[in-house]
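Before any comments, here is the structure.
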């Protein structure tokens, strides 16, 4: 299929998503400490955006300046538009923090003490803290021919100090650099008796700016300003040269902190000549400098909601439910034997997934366990269960994706621990990240008086990560359906062995059948619409970028297919364009939880085909990753997925944003009845 249809810019779409996240911080219906958290989440998202997307744009401009972006802009023009919008977003973020959120926190007894507000007792406490806890760890670097400008680590907190006078060796002091080690706390609690507030805090940068002169004795400090450099964090691994992926990665990881600079953040009051020097040392242009009114890293404030015991200023706690079929069963295998089980996280607990693996590790009837791991965290009971299974003599095989961005080191550590207890560890297929979420358990059972091997499978849309399972919306399926189990077995064969493509009967798998099946399903809806039948596509995902899928959706709209897309993040498709996409709607749900499940619905002339998947409709997921989409066949479970995963989002009029044909979003206006997808599901499932 030739792609001749218009697309929207990816980078601008990512910034648009972060604008929607930041809008949560402005919503008075969101608890105050959660509003602060949304500001911090925006900062964290922007860090990754610059480390990956902006770094990639800069590289493309250097390597191929005449090239065009997929949406048809010159690279430089696209870069300039993205920088302009990013600057506006950062300005809005800091304005919201200082003019709205921090004053509201102060009214609630949560206060950040600036140095110019300290009384004598507070000043003495701060001085002692600096001298006792901070000074021994800090290393000042004076800049002169013998001390060149240091290589600043990625996203580290640094201070540039303008000096006057001569040092002990008679050298004229001009400038110094102080790097704040990551071991130092970024936020320090002031004793309540001194603070006068129930929760008083002092930022590390406040200590530094007030007492930095202690690091440069007998010199005059003319100015002290914080700065932060963001670097290209993509890892380069030559797939043709490596013989051991883990060893190659271990050699590359330290270099991540020293990649090419892509962004400079400085406090707004930094003198112009200092900014010029920092830009020169970083090989950056003026447009790459972000002057901020306050701390250069708002992510450091993410810990405040956890440090402040004010439940009234946070989202209400909830207890995820356990389905009765699991709660009433003697063991997980008995529950699955009774029929397929659908889990909807975070509303339903992730604990049954852990219990399935933990019971398998101890069950003498279990002979083998196979598992994929993409992200699981540094302290994972799931990994503990896999290691326990290996120690108990089970045949344990784990496909660990070492190239899961920013989790490489964690996954390398888990791979080493698994190998140490005798598990088989493989790293998937070089060149194709393993993003599929699969667990396969093989158990010896007696059926009709005869011993046989029975397979059990868990498939999911999200990671095997107990912490994010309480923060992200995802579906998981537990089944003993032997066709699905056989397909999962074949996928593991491909990941761990070498051989030709195996035929799958139930699963769609990238990079082989997933993309063709999606296109075929859309084309079937087009054919039905042209035949005068009802036709509909509803899809939910994190991102929609793949051009041929977008082209198929445009053609579907022109044929009269009703297309509803629920895309949380970036979407390159233009909805609502007359003659092109007037039958397509795109909405984004942004709320308490991160919308994460991927759902594909096709009306299929009334048969209603529903697939769950780990894959977004992006080039990388469809062609450069190992992904699976799995069908929901059981009628009751299918109705649940449609109702809980799709219909509630389409009906949401509180947390939904509707995409306009120019790529901008507007909030959906609430009707007479307020409907919030996430709150409704919390009320349905949780106590």
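Glycine is no exception: its Cβ is also placed from the backbone N, Cα and C atoms.
The annotation in Swiss-Prot ties 45, 568, 596 to ATP, and of the candidates under consideration, 129, 456, 464, 472, the one tied to the same site is 472. Around residue 568 (ATP binding site), the C-beta neighbours below 8 angstroms that are at least 6 residues distant in the chain are 17, 541, 542, 543, 588, 589, 590, 594, 595, 596. Within 10 Å of residue 435 (active site, phosphohistidine intermediate), counting C-alpha to C-alpha distances, fall the following of the binding-site residues 45, 375, 405, 472: 375.
The distance from the Cα of residue 375 (Mg(2+) binding site) to the Cα of residue 472 (ATP binding site) comes to 13 Å. Spacing of residue 472 (ATP binding site) relative to residue 405 (Mg(2+) binding site) is 18 Å (Cα to Cα, whole number). On the backbone, the CA of residue 45 (ATP binding site) and the CA of residue 405 (Mg(2+) binding site) stand 14 Å apart.
Of the listed recorded positions, namely 375, 405, 435, 596, the sparsest Cβ surroundings within 10 Å are found at 405. Shown in sequence order, 542, 569, 594, 595 are the same-chain residues outside 45, 472, 568, 596 whose Cβ sits within 8 Å of the Cβ centre of the ATP site.
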